[in-house]
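> Pasting the feature list from Swiss-Prot:
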- Gly160, Gly161, Ala162, Gly163, Val164, Gly165, Lys166, Thr167: ATP binding site (BINDING)
Amino acid sequence: MNQDSGCEGVGEVVRVMPAVVDVEFAHGGLPDILHALKSEKDYQGKQLVLEVAQHLGDGVVRCVAMGSTDGLSRGDKFINTGSPISVPVGRKTLGRVFDVLGEPIDGVGDVGADVEYHSIHAHAPKLSEQKVATEVLVTGIKVIDLLAPYLKGGKVGLFGGAGVGKTVLIMELISNIARAHKGFSVFAGVGERTREGNDLYREMVESGVINEDEREKSQAVLVYGQMNEPPGARMRVALSALTMAEYFRDAEGQDVLFFVDNVFRFTQSGSEVSALLGRVPSAVGYQPTLASEMGAMQERITSTHKGSITSVQAIYVPADDLTDPAPSTSFLHLDSTTVLSRQISELGIYPAVDPLDSTSQALSVDVVGAEHYEVAREVQRILQTYKSLQDIIAILGMDELSQEDKILVARARKIQRFLSQPFHVAEVFTGNPGVFVSLEDTVRSFKGLVEGQYDDLPEAAFYMVGGIDAAVEKAKALK
């Protein structure tokens, strides 16, 4: 956080609750809402920063703590910085790992004195400055590129319950896209496991996205507020990362990739803070300001005439319920939704993307072309028909189906297995080398499948392969 802000007053702590602190400014200098306060002394070896959330009257402000309040007591002094929390931006941040306050946590040292700092609270670009995305972003993952393609400069949500593969999928997307991407990537770790943050950093170093010898030649910035941190830090870390991404978009005209894992934790931390601030909860116990908080963040993630931000957001779905207010509020802001299904993961098909639930605004003739659109819709039609026949198959068996339906079911099962794919990031666990499948190969492969060109191949040949040529080779090996 910027240390050069001018002081406007000193306050005294009058009440301490977990993650929320009341500070009294008896002699004037009352801070504005969203302004930062810094402690005069250190706690656990570092200054504690508070963000003003409410004015309670009589010179008392209620603040959200950005760090642990252990050791804090009544009477402790806090200085009004006169400005919101600010984080470093620009090329000096590349290859580094930061916390919510923009402090480096990678043990490499400070970012330097000649670094620009920007407030984490900013307005979304005006409508006249925004640009509509129409170019498809190829991910190399068959099920996504075919059925729910991503737009360059668009917003993507990866929805899924616990343990269905959201983080693995987002790491594979980083591996596939960030390597080939010429611009910069910013990753926001919001309330997820510290181990996963460490794994991602190591993965980026190995793939060359982060250069440990010459940091400024790196292509990525990591900002972490993990699940062991107070709710204030988890609530603001996405904004800290977004501020860094906005700088690359606006000041440098870059096409930026912005990854968030996990947006649900952003909502969850807001709910914790809202309860501590004494607000009346709304549906399912969430904060009454859920829609406006989500909107304030999501509206900043957009593409302008200067540059673009393509965002991929992992969104945890509590109890696999997509109607829960947290995931359903996110749906409104997204161009593409990739829904991960527990039923598909139980079949051992990974990535466990639901081909019928996942949607994309890009899946139109105008964007992807007639051939791609027709193949995708035919794949969905076959899978939907198979789904509707499953009850009949379970009760009466395959023999009761017409010959036409039997062929369609066999084709659907092959398509279902062909939607699986070995990942680069999972290679160490599965032993299968990861595969990047081009869009042309994906469309060609599925076109052949829906036309019945590969009806003679066994189902097993289509499981965990890349393109159709690999499936044909596997079928020969199985004979």
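The backbone N, Cα and C atoms fix where each Cβ goes, glycine too.
Quick one: where do these features end up spatially?
When secondary structure is read from DSSP and collapsed to three states, Thr167 (ATP binding site) falls in the helix class.
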> Specify the secondary structure state of Gly160 (ATP binding site) as given by DSSP, simplified to three classes.
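It is in a strand.
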> Cβ within 8 Å of the ATP site centroid (Gly160, Gly161, Ala162, Gly163, Val164, Gly165, Lys166, Thr167 excluded): which residues?
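Surrounding the site, in chain order, are Tyr316, Leu340, Ser345, Ala352.
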> Check the binding-site residues Gly160, Gly161, Gly165 for other C-beta atoms within 10 angstroms of each C-beta and report the one with the most.
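It comes out as Gly160.
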> With every protein chain in view, what's the tally of Cβ atoms within 10 Å of the Cβ of Gly163 (ATP binding site), excluding that atom itself?
11
> Going along the chain, which residues six or more apart from Thr167 (ATP binding site) have their CB under 8 A from its CB?
Glu192, Glu196, Asp261, Ala314
> Where among the binding-site residues Ala162, Val164 do you find the Cβ with the fewest other Cβ atoms within 10 Å?
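Result for the binding-site residues Ala162, Val164: minimum number of other Cβ atoms within 10 Å at Ala162.
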> Does anything in the same chain, at least 6 positions from Lys166 (ATP binding site), have a Cβ under 8 Å from its Cβ, and if so what?
Leu158, Gly160, Asp261, Asn262, Ala314, Ile315, Tyr316, Leu340
